[in-house]
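Chemist: Taken from TrEMBL, the feature FAD binding site applies to 278-282, 320-327, 418-420. Taken from TrEMBL, the feature compositional bias 'Polar residues' covers 7-20. Feature annotation from TrEMBL assigns domain 'Photolyase/cryptochrome alpha/beta' to 26-164. Look at TrEMBL and you will find 1-20 tagged as region 'Disordered'. Taken from TrEMBL, the feature site 'Electron transfer via tryptophanyl radical' applies to 351, 405, 428.
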């Protein structure tokens, strides 16, 4: 067993039952869920100790994996096929690693908690090990499994290892409430307790797998074996799943110490797709845990020690990792975190329901090439740059369409290979200006796209983002332009032309606003707006102005009622906003003599 100094966090006793009477040679079961890796996996390490047999198990939930033809994109009822493929690749890589150590991954199918209970019974398991999970779905599963294990004398070891910090401890230090700003989280959290511990990176061998009986154990299935076709998508994500790929990508990222030291989130290029301007480690860190966040943390600290100067949170790479921790803690400590209603930290806003607009946004058919190219990249790759995510989320909600953030959240949840319950919901609540910010950071109202024009504006941007991150977030009247924001990074529209080939011959001066091109230009480019490519579903200047007005009234009502807004209050405000909008439209129409 090889250990790497300074990395393993000791799991909190709050979440585990100490092993006090485990005899040598008993059977252990390690239940893999997110931590699909061998390195820094305390549950695997503990299960391997003093065990005559060890059963490494992953349970395929049919609702998550089986094809569903009624969904808007290829995949199951819950996940897009890119995400399913990434998971299968991660499982295959884990299986390969276990086999090299004399073990293997046992894949079973069914409702996870029911399957695990059958395994405990059939295999006479005396020790059950699995990583603690803060997601409500797993909290419910784990309660059921722990209750049964306790009733039959099975020891349970459930360490906190998916995050740098134990969310429960952070909340306890904050008086029983989750910190609601990044700055307050950092003050409470301090340095991770795992900073000076040791990390188990590899093993010389693992205990053998015992008799599996008649439980229907299988190898990791292929997409085809799950019922998917080879041509399910016309373009697959270029990012492969698995611990091996995660460690390879990590090594490549940290090998450039100057890049790591100088990383600043606002400087990232959202239009860079052939060589993304980020580490693209999020799919490996978030949902599937192919990469240990603690190992990543230690790698960053080593780089920072080796350089003379480096960036700091919130804009540094470490700052991005700490954002992950902040959202995990807040999500865990907030009732109904994934909803607007019943969520004590979420502003109640009368978002509108428009299925046609939602579908156009989701399918990349808004008529705004910058927005559509990002959504097409999401559909094809299951990933896009974080600033690109900001743009499309703003466009859907407070920027242009005024559609509920929960509906955008659901699209991201399905399609993103790095989608994670806490972080996905946290980002949508933040980007829709529903929480995580002070109401009045500044009286200035300007578009986000005005940044990045010069060094002066870059300084303003960094100052603005630091205030947002440390104070809490974005004020609702700061909106990403669907035209000029992307143009600052990619004036030739290479990103748009790649993901929207229908516009590949459109001259660059019209690539972000093709509806402004003369018909002769559209004809020459073989792209007639309204026929080959859609007209803008809204006009940005008017739509954003209307969204600001609606947000202003919603904020005023939230303040007046101290957040205690009921369904009837929202209905009344929605009717008022709709009537005002119709009145404004009538007043703007030219009068006929």
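Cβ atoms here come from the backbone N, Cα and C positions, even for glycine.
Remember, it's a predicted structure, so these values are computed and weren't measured experimentally.
Just tell me what is around each of these and how deep it sits.
Modeler: Within the same chain, the residues at least 6 positions away from residue 278 (FAD binding site) whose Cβ sits under 8 Å from its Cβ are 268, 385, 386, listed in sequence order.
Across the domain 'Photolyase/cryptochrome alpha/beta' (26-164), the DSSP tally of helix, strand and coil residues reads 59 helix, 29 strand, 51 coil.
Around residue 351 (site 'Electron transfer via tryptophanyl radical'), the same-chain residues six or more apart in sequence whose CB sits under 8 Å from its CB are 340, 397, 402, 403, 404, 405, listed in sequence order.
Under a cutoff of 8 A between CB atoms, and with a sequence separation of 6+ in the same chain, the neighbours of residue 428 (site 'Electron transfer via tryptophanyl radical') are 393, 397, 405, 406, 408, 409, 412.
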Chemist: Looking at Cβ-Cβ distances, which residues of the chain lie under 8 angstroms from residue 280 (FAD binding site) while being 6 or more apart from it?
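Modeler: The list for residue 280 (FAD binding site) reads 239, 249, 383, given in order along the sequence.
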Chemist: Within 10 Å of the Cβ of residue 323 (FAD binding site), how many other Cβ atoms are there?
Modeler: 21
Chemist: Are there residues of the same chain, six or more positions away from residue 282 (FAD binding site), whose CB falls under 8 angstroms from its CB, and which are they?
Modeler: 383, 418
Chemist: Measure from the Cβ of residue 321 (FAD binding site) and count the other Cβ atoms within 10 Å, all protein chains considered.
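Modeler: Taking every protein chain into account, the count is 19.
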